[in-house]
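Worksheet for the structure shown next.
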Amino acid sequence: MTPPMNKLTSKLGYTFKETELLNLALTHRSANGKHNERLEFLGDSILSFVIADELYRRFPKVNEGDMSRMRATLVRGNTLAELGREFDLGDYLKLGPGELKSGGFRRDSILADAVEAIIGAIYLDSDLETARRIVLEWYQCRLEEIKPGASQKDPKTRLQEFLQGRRKPLPVYTVTNIKGEAHNQEFTVACEVAGMDTPVIGKGTSRRKAEQAAAETALEQLTHG
């Protein structure tokens with residue numbers, strides 16, 4: 001494996017025996033030849049099962065409707081794209097010239113599809129139990145945060161919808177500082193929003209939590225002045 005790919009597998013928490021499976025999972029159909037859509041089909045089904053099974057175990061008294069809503073939140077495209085950005089997947093995607101020019105490596109749908117394809121690739125490279133363990137590791141924070149009956153839209157989603165409803169550009173999140181040791185880090189994120197003079201700062205124990213904190217603050221400022 002090349003060093004960059006080693007960096008990716010470290011973020012994924014899984015080292016492939018068949019590296020070609022990972023390469024295939026990262027190959028978009030625009031690149032011509034073999035691509036990741038069959039792996040995506042497989043990974044989509046595995047992800048849905050793993051999350052449904054985990055919700056069933058975690059919430060023994062919750063009804064089917066609430067569990068369905070929670071699962072939909074966890075497996076929807078923008079959640080998967082968020083995961084893809086946490087893995088910096090855009091740096092590894094194999095895209096055709098047209099998609100490269102149009103910024104396909106940043107597109108939610110392409111990132112989400114690649115995450116599902118990687119799940120399918122992990123399953124084929126190992127077994128269902130290993131794929132389940134890896135998926136649950138990726139989703140640990142999200143599973144701890146999600147609650148039945150509550151609004152399933154997180155601050156980043158609500159901020160995105162608020163801006164889209166006003167035909168404004170999407171916010172841009174940038175990590176400006178990381179402090180502390182590997183298992184006790186504090187992330188600082190700047191959130192730039194069109195129409196706001198200065199970036200909004202958020203802090204958290206992970207990049208995602210810092211982004212959510214920044215989005216929450218930005219929403220408060222936009223809605224309450």
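Glycine residues also receive a Cβ, built from the backbone N, Cα and C atoms like all the rest.
Taking H, G and I as helix, E and B as strand and the rest as coil, DSSP gives the domain 'RNase III' (5-127) the counts 91 helix, 2 strand, 30 coil. If you look up Swiss-Prot, you'll see 5-127 marked as domain 'RNase III', on the strength of sequence analysis.
Taking all protein chains in view, 26 other C-beta atoms sit within 10 angstroms of the C-beta of Glu116 (Mg(2+) binding site). Look at Swiss-Prot and you will find Glu40, Asp113, Glu116 tagged as Mg(2+) binding site, backed by sequence analysis.
Taking a C-beta cut-off of under 8 Å and a sequence gap of six or more, Asp44 (active site) has these contacts in its own chain: Val75, Glu116, Gly120. Marked as active site by Swiss-Prot on the basis of sequence analysis: Asp44 (among others).
Residues annotated as active site in Swiss-Prot: Glu116 (among others).
The annotation domain 'DRBM' is assigned in Swiss-Prot to 154-224.
Summarised by DSSP class, the composition of the domain 'DRBM' (154-224) is 29 helix, 20 strand, 22 coil.
Surrounding the centroid of the Cβ atoms of Glu40, Asp113, Glu116, where the record places Mg(2+), the chain contributes additional residues within 8 Å, namely Asn36, Glu37, Leu39, Phe41, Gly43, Asp44, Leu80, Ala112, Ala114, Val115, Ala117, Gly120. Around the Cβ of Asp113 (Mg(2+) binding site), the same chain contributes His28, Asn36, Glu37, Glu40, each under 8 angstroms and 6 or more positions distant in sequence.
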